[in-house]
Amino acid sequence: MDAEHRGGPDLYPWWLALALASTAGMWVQPGDETIPYHVGWAGFGLMYGLGRAWSPRRTAVALGLFTGVTGGILVARASAGVLAWQETAEIPLMLLLVALMVWHVRRRQLALAAATHLARRDAQRAHDHERLTRLTSHELRTPLTIARGYVELLRSTETRTERIVDLDVVDDELQRLSRVCERLVRVIQAQTEPELHRFDVDELLRQTGERWAIVSARRWVVQAGAGEVECSAERLRAVLDTLVENAVRYTREGDTVRIFGRRKDGCVELGVADSGPGMSARQMALLNRGTAPTEAVPDTLPRDALSQTGLGLGLVRTVVAARDGRLLARTAPEGGAEVAVHLPLDTAPAIETASQHALNGTLRRVMREATARPATG
C-alpha cells in the first residue's frame, strides 16, 4: 500500500467545498476579495497532508483550478479599478508558497512510507531468521540425535571388536557433524540485528559454565568480575560458546577450562583459558592480527587433526570487530591457550553493513564445507 492510500479520512472533498465557498465570497464581495482568498489557501495548507494523502493528480487539479478561478476574479477586479494591480501579485506568490509546502509534505509522506516499509522488512527478516534457526536446529539435531541413539544401541549389543571400532568411528563422525550444526545455528542467530540492553555479564559467564559442565567432563572454573554491560547478550553468548567449544576440543577429561570476565583499561575482557596443549607462536600471531570491521574474516589458523570448519573464530572476529573490539590470544597460566575478547565500554556498538556481509560470507562458507565434507565437522 503506497502513501497515497494510507491513513485517516479523505479531506479532499471538504477542501473543494471550502474552495467553492471562498471563490463565492470573493465574487460577491468586491473590494474585500483578499479575505476569502487567503481563507481558501489557509484551508488548503491545513487539510493537505492530514488524513488520507492526496495523489499528485488531485493536488495539481486543486492548485490549478483554485489558482485559475480566484486569479481570474482578482484580475477582473483590478481591470475594473476595484483593486490595485499590485494585489494580483498574490496569484503567483501564493501558488509558489503552497507549491513549496506541497513539496515538503510530499517528501515527508514518502519518507514515512519508506520508513514503514523498512520497518516491516526488518521485522519480516527477523522473523525469517528465527524460523530458519528453529528449522535448522530441528531438522539437523533431531536426525543426528536419533542416529547416535541407534549407534549406541548397536554398540551395546555388539561383541565383535572390529564392529565396535567401526561403530565408534561412526559415532565420532556424528559428533563432529553435531558440532557443525551447533556452530551453524550460532551464526544464523548472530546474523539477526542485535537487541542492545544492559545485562549481567557475570551471570552469562556462570550460565555458560553450568551448561558446558553438563556435557563435558572437565574441571570447570568461572571467574566473574565484568559486571553489567550494554551489548547483545545473544552475540556474547555465541562468542563464549565458540571459545569454550575450542577449549573443550583441545583438552581431555579432567583438564581445566577457565571462563573469565573482568574490567580492564576501559574495556570488558571476556575469555576462556585451558590446560591443553596451547597454541604455537605462529597461531597466536595469526589470531592476534587485527581485522577491520569492513573486511571479510578469513580462516587463517593452520589446520590440524582437531580443526573443524574454521567457522567459530571467524564468527568471533566478526562480532568483536562490529563493536570495535579486539581478539587476543596468549599462553594461559594453566599452560594451555587463553583466548579473550576486549570490548570497549565507552564505545557504542557500531554494527556495520560490511560486518553483516562478513557474517553472511562466513555462513555461506560453512554451509558449503558442511555439505561437501560432513565428516570434518
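Just so it is clear, glycine is given a Cβ too, placed from its N, Cα and C backbone atoms.
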Expected hit for transmembrane segment in TrEMBL across 12-29, 84-101 is 12-29
Which bits of the chain, at least 6 residues beyond where the transmembrane segment (35-54) starts or stops, bring a Cβ under 8 A of a Cβ in it?
3-12, 14-15, 18-19, 21-26, 29, 62, 66, 70, 74, 90, 94, 98, 101-102, 105, 108-109
